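Note sheet for the following structure.
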Amino acid sequence: MPSGNVIRGARVGSAPIRPDERHQPAPRQDVTYWCRNDHRTSIRIAADAVAPPLWDCPRCGLPAGPDEQNPPGRTRAEPYKSHLAYVKERRTAEEGEALLAEALAALRRRRGEG
Ligand SMILES: [Zn+2]
């Protein structure tokens with residue numbers, strides 16, 4: 001697998017690079033991520049940089065994490081919840097009825113009814 005999209009090399013017309021003389025390459029670290037489809041992705045970042053906790057898998061686009069045994073999304077305990085499920089989590093049915101009655105009453109007042 002190619003090591004990424006890092007642009008290497010010299011500008012046109014520059015002298016051949018002699019690393020010891022021209023510049024010291026910055027220290028690097030390789031960080032490897034796995035997505036839940038077992039795609040492995042390695043990125044190379046500066047050694048003193050903090051690796052991002054997630055990286056988008058370049059093959060399938062899912063978030064990938066640094067823990068091969070526990071990629072993001074695989075061991076998700078909670079199943080997908082609908083918006084309504086979240087609302088029901090926050091509000092009881094009684095609260096919902098009260099809110100609805102309140103809203104209807106306000107609507108009727110505005111319309112000059114009741
Ligand atoms: Zn993937």
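A Cβ is built for glycine as well, from the same backbone N, Cα and C atoms used for every other residue.
According to TrEMBL, the Zn(2+) binding site annotation covers Cys35, His39, Cys57, Cys60. If you look up TrEMBL, you'll see 1-29 marked as region 'Disordered'.
Ranked by Cβ neighbours within 10 A across all protein chains shown, the binding-site residues Cys57, Cys60 are led by Cys57. By the criterion of other Cβ atoms within 10 Å of the residue's own Cβ, the least surrounded of the binding-site residues Cys35, His39 is His39. Those residues of the chain, other than Cys35, His39, Cys57, Cys60, with a C-beta within 8 angstroms of the mean position of the Zn(2+) site C-beta atoms are Trp34, Arg36, Asn37, Asp38, Thr41, Pro58, Arg59, Gly61, Leu62, Ala64.
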